C-alpha cells in the first residue's frame, strides 16, 4: 500500500527535467503552437470553467465550513488542529488528494490566487467575490500561522508519512495532527518568504474592499519577511523527512526571498524593498534564467512580476528583469535561439511525468500576465530575429488553456465536471470515499483503500479540479492509483483562475 500512496510531490517532478531522462520530445514548429485551432469553447464556456475552477477550492477546505459552502458533500474537518500545541491552526487548505496542510504549497497557492485577482479580477464579474473568498480562506489561516507565537511560523499540520498510509476522508481522519514550525533556531526562509509573498499579494486584493484587513495582511507580511531574511536557511534542512520528499525546497530559499521582497515592493511602494532588490538581487538569482515556475522555484515569476515595474511604471532598475522575462518566454517558442520547452504531439507544454499540468497552468498565467504588461506600452519580446507581440503570447496561452479544457487528442477535459468527458477516478480521498452525508458511519484508515482501488466513478464530484494530466504522448489513464496523472492540487488550479478570467472576457 505504501508504495502506491507514499509519493514525492516534488522530487520526481524536478529531477526528470534537470537530468534529461528518457523523455520523448515532439519537435514542434512555432506555427503549431501559435495556431488557434477551431476552438470549441465560447466565452460562456470559459466563464463556466472559471466558476468551477474557483469552486474546487471549497473541496480543499479544512476547518469549519461556512453556511454558504457550495460543495455540500464536504463537512467540517481538522477542528482541533494545533490544540495539542496550544495554538489555533484550524482552517486553510489540503494541498491535493490527502489531508495534510503543507505550508509552502498553500502559501504559493494563495499568492497565485491573489495575483490572478490583481491582474484579471476586472474580468471575473460575478465570480470575483468567490475568488476573493478563496484567497481569504488561505490568508486567514496564514495569518494564524504567522502570528500565533512570536518568532515562529507554523508551516505544516499533519504527519504526511502517517497520512499517506491511510485512505480516509478528511472528516474522519484520525492520523496524528502533528504541528511543525520554523524559528530562528530552525529557519525556513523559503516557506516564510513565500508566506510573506502571499500576505502581501492578498493585501492588494483587499485594499479597497476591506482596508483594515489589507493593512493587517501587509503588516504581517513585512514581519514575516524580516524573519525570513534575518534567519536564513531552508526549511527542508530544518524539518527533513517531514517535508521531504513531499515538498522539498529543491531550488533553495534565495528565490523566495527575492519573490517575497518583490511582492512587498508592489504592495507597499516602500522604497526600502526597492533598495533590497537592488542590493540583493544578484545573490538571490536575478541573473539566473530558469524555465519553469512552480511552488518550488519562483525565479521566472519574480522576473515577470518585477518587469511590470519597468513596463508600466518605468522603474529603470527593473529593466534587467524585463530582459530575463524575455528569455523565459523565448524559451517556450520553437525556432527561438533559446528554445528550451518540450511539447507533446498534441501541443501541450510538457515538463515532467508527475503533475505536469502544474507547469502548464503557471506558464499560461505568466504568458497572459506578461502580455498584459507589454500591451500597456506596445512592448514586444525579441527572440533572436523573431518578434513576439502580446497577441502571440496570448495565442500560445490559449492553445494550452483549450487543450486542458478538451481540445486534445484524448478529447477529454482535464477539469473535473467540465465538458462531456472528464476524469471519473480522481486520486482524492474526499472525492472517492462516500461522503459523511451518504455514509455517516466512520470509515477507518485501512477501510478506505477499497475506494482507492475501486473502478467505480467518484461518488463526490470535485468540480473544477484539474488533475495531473496526460503523458508526453498525450495519453491519459483515468485511474485513481495513477496519482501522477489523476491527482489534483491547489497550485494547479490557482494560476488557471487568472487565465480563465482573461479568456472569459475576450
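Every residue, even glycine, has its Cβ placed from backbone N, Cα and C.
Feature list (source: TrEMBL):
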- 427: active site (ACT_SITE)
- 478: active site (ACT_SITE)
- 487: active site (ACT_SITE)
- 46-500: domain 'Glycoside hydrolase family 9' (DOMAIN)
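Note on the active-site residues 478, 487: the fewest other CB atoms within 10 A surround the CB of 478. Restricting the average to the domain 'Glycoside hydrolase family 9' (46-500) gives a pLDDT of 96. Its Cβ placed at the centre, residue 427 (active site) has 26 other Cβ atoms within 10 Å.
Between the alpha carbons (Cα) of residue 487 (active site) and residue 427 (active site) lies a span of roughly 5 Å.
Residue pair residue 427 (active site) / residue 478 (active site) shows a Cα separation of 10 Å.
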